[in-house]
Amino acid sequence: MSKGQVIQVMGPVVDVKFEGGNLPEIYNALVIEYKSDAEEAPTSQLTLEVAIQLGDDVVRTIAMASTDGVQRGMEVIDTGSPITVPVGTVTLGRVFNVLGNTIDLDEPLPSDIKRNKIHREAPTFDQLATTTEILETGIKVVDLLAPYLKGGKIGLFGGAGVGKTVLIQELIHNIAQEHGGISVFAGVGERTREGNDLYFEMKDSGVIEKTAMVFGQMNEPPGARMRVALTGLTIAEYFRDEEHQDVLLFIDNIFRFTQAGSEVSALLGRMPSAVGYQPTLATEMGQLQERITSTNVGSVTSIQAIYVPADDYTDPAPATTFAHLDATTNLERKLTEQGIYPAVDPLASTSRALSPDIVGEEHYEVATEVQRLLQRYKELQDIIAILGMDELSDEDKQSVSRARRVQFFLSQNFHVAEQFTGQKGSYVPVKETVKGFKDLLAGKYDHIPEDAFRSVGRIEDVLEKAKDMGVEV
């Protein structure tokens with residue numbers, strides 16, 4: 001192992017000089033051990049990642065933690081490989097930082113645990129799975145109108161308090177319970193409070209045992225926030241490649257991954273490109289996204305929360321992400337105001353999988369008819385607001401009546417929200433979802449009150465609820 005010396009510290013950027021031409025490779029992890037002021041840890045260890053070889057035996061590195069206490073002249077050791085993180089079933093139920101160290105104050109991991117490098121090649125062309133298989137979530141609005149593909153990439157758009165976290169928890173719960181699947185959650189630039197809340201909520205709902213969590217919090221240096229997504233992905237890849245599992249990878253927030261990359265790029269002195277972003281934006285995004293895919297032995301399906309700066313979808317950060325997405329799930333605040341949960345906008349959400357070749361003719365026809373009906377209802381809302389329902393034609397009155405039932409039937413009780421709602425959660429298979437909406441569109445349930453359709457699972461639950469309301473079914 002070659003050794004060097006710190007010659008310059010500029011915030012999270014550290015320059016290191018090595019003697020005798022023993023320069024570490026790009027992405028190699030370097031370690032500095034130094035005395036700390038903290039009583040509980042008299043020596044601190046700082047990990048650096050090599051970013052640029054400057055010449056004259058000097059490398060420029062990015063720190064993965066605070067550089068407080070680092071001085072010129074300190075000894076630096078080249079580990080000889082990129083950052084490695086723990087992988088395997090031992091990671092389930094645990095919380096890690098970017099370096100794969102546990103931060104949940106639980107039992108330490110065994111010393112002989114397997115570790116993988118966070119920088120890896122994407123699967124080769126011949127390893128990719130050629131089938132397009134739907135990932136059943138048990139959530140009606142998703143399965144019917146914007147179905148997810150196994151090994152696909154889904155963008156989850158939504159503001160604060162519209163139900164992103166609850167939707168994420170339910171997806172983790174359903175895949176863990178119904179499919180026995182593994183989930184990995186990567187908090188990228190995450191608020192510490194949000195990550196803390198999510199951990200305890202998942203612990204209470206019992207899904208933590210099937211989940212590995214990785215956090216690079218908002219207060220950490222940009223190097224940690226940029227690499228933490230790769231740490232989560234590396235853990236997920238192991239379950240796909242070695243355990244042959246279908247894995248769900250959540251990244252919140254992919255915009256903060258881009259933002260951290262932009263900060264690092266500026267610190268390294270690169271010339272910025274459009275809107276001040278890094279010139280390597282598309283490359284960095286591609287390196288991450290291309291590793292999230294289905295192979296012949298398993299799949300990594302990614303659900304990514306995406307912040308859109310100033311609601312500008314042409315901003316380079318979301319625009320670059322769009323190129324990689326197979327489906328988008330848009331959460332709408334207006335629906336939460338109506339008490340419709342999950343508040344997924346059925347008209348704005350899209351999916352590449354919604355085609356007759358993938359979901360089948362019947363599913364496709366029912367989904368497009370639902371969208372057509374809801375679009376017509378949206379067009380009529382202005383007229384209703386000004387003139388009232390009486391001014392509509394009989395056909396439009398029927399459309400509005402059915403559209404409202406459809407809208408309410410797209411809502412659903414969640415297992416992870418049982419403690420708040422007092423109502424049992426429901427998992428609805430795709431076949432039952434399609435049949436329920438097909439009968440609803442055909443007018444079979446026009447006599448059932450609208451409220452019977454709100455926050456239920458199967459169509460049988462609607463009929464049961466209607467009976468309780470004293471309606472003949």
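Each Cβ is built from the backbone N, Cα and C atoms, and glycine gets one as well.
Classification of V162 (ATP binding site) by DSSP places it in coil, neither helical nor stranded. Applying an 8 A CB threshold to same-chain residues 6+ apart, the list for V162 (ATP binding site) reads L331, E332, R333, T336, A343. Annotated ATP binding site per Swiss-Prot: G158, G159, A160, G161, V162, G163, K164, T165, in sequence order, evidence recorded as sequence analysis.
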Excluding G158, G159, A160, G161, V162, G163, K164, T165 themselves, the ATP site's Cβ centre has within 8 Å the residues L331
Neighbour count check, CB within 10 A, over binding-site residues A160, G161, T165; minimum at A160
By a 10 Å Cβ neighbour count, the lowest-scoring of the binding-site residues G158, G159, G163 is G159
Listed in sequence order, the residues of the same chain lying six or more positions from K164 (ATP binding site) whose CB sits under 8 Å from its CB are L156, G158, D252, A305, L331
